[in-house]
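A.B. asks: Copied straight from Swiss-Prot:
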type     : residues : note
ACT_SITE : Cys71    : active site, acyl-thioester intermediate
ACT_SITE : His110   : active site
ACT_SITE : Asp125   : active site
Amino acid sequence: MIKMSDFLKDCFQKIGWEKDHVSFGDLPLFLKAMAYRFPFENRAVLAKENYKITKEELWRRLLKDQHGGLCYDLNGFLYFVLREAGFHVKLIRGTVYAGDQEGWALEGTHAAVWLSAENGDYLVDIGFGINLALQPIPLSGETVQSPVGSFRIKKEETEKGSYVLLMDKGEGWQIGYAFTLEESDLGDLDNMKDIIHSHEKSPFNKSLLASKLTPSGRMVMSERHFTIYENGGNIQKSDIGPSGFEEKLNTHFL
């Protein structure tokens with residue numbers, strides 16, 4: 001077993017992980033702990049924060065400062081954590097499918113993590129908004145379940161990659177994103193971040209948003225509304241004013 005680094009210690013402390021290691025069997029609980037701790041949010045995009053995606057910078061932003069992030073932050077951080085914990089992982093890129101009306105989103109602007117274990121290869125992702133399986137998804141095609149719905153991977157040639165992540169949240173199987181297994185590097189994540197920050201078709205540079213899964217459901221916030229969805233079906237929606245976003249984010253998400 002590898003000796004636990006300060007980087008891992010800080011991560012484990014932040015998410016409330018009481019073990020001094022993470023095994024493959026631990027990953028469902030570990031990915032839940034990560035998802036419940038770090039919100040999907042875009043303040044850095046709206047503030048035009050200029051930073052490079054490095055292990056040290058993600059450590060500072062997510063563990064020391066009060067930040068969540070988008071896919072390149074959250075899955076970039078997950079990559080470093082899993083690598084440090086002894087897993088064989090690599091960064092990969094995908095293209096989100098925005099629905100039949102809009103088609104494919106900006107090409108190659110979703111970051112995810114490929115993980116190879118003794119019993120097969122998997123996709124792991126804590127940076128796809130609230131669309132999270134909360135466990136490794138087998139590349140071999142088996143379906144996994146989370147409170148959000150069902151997830152599986154299909155090997156299918158598309159114009160955006162040779163695999164697709166499929167989701168069924170109660171309305172039938174739909175494409176979440178297509179991806180390839182070609183390894184990406186930190187420069188690719190920086191490029192992805194620059195596109196998300198500046199491209200006119202980016203969905204994340206128009207207005208503030210935040211979302212996070214919780215043990216009892218999920219929370220979603222825009223500049224005008226804060227909504228709590230509970231797994232039993234109860235919904236609490238409230239209006240927020242100009243200063244309400246930061247206040248609610250600090251109180252409920254961070």
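Keep in mind that glycine also has a Cβ here, set from the backbone N, Cα and C atoms.
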A.B. asks: Look up Asp125 (active site) in the DSSP assignment and reduce it to helix, strand or coil.
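C.D. replies: Its secondary structure by DSSP: coil.
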A.B. asks: Between the residue listed as 'active site, acyl-thioester intermediate' and Asp125 (active site), find the distance joining the two CA atoms and give it rounded to the nearest Å.
C.D. replies: 8
A.B. asks: When a 10 Å sphere is centred on the Cβ of Asp125 (active site), how many other Cβ atoms does it contain?
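C.D. replies: That number is 28.
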A.B. asks: Sort His110 (active site) into helix, strand or coil using the DSSP assignment.
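C.D. replies: Its secondary structure by DSSP: strand.
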A.B. asks: State the count of C-beta atoms found within 10 angstroms of the C-beta of His110 (active site), not counting that atom itself.
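C.D. replies: His110 (active site) is surrounded by 27 other Cβ atoms within 10 Å.
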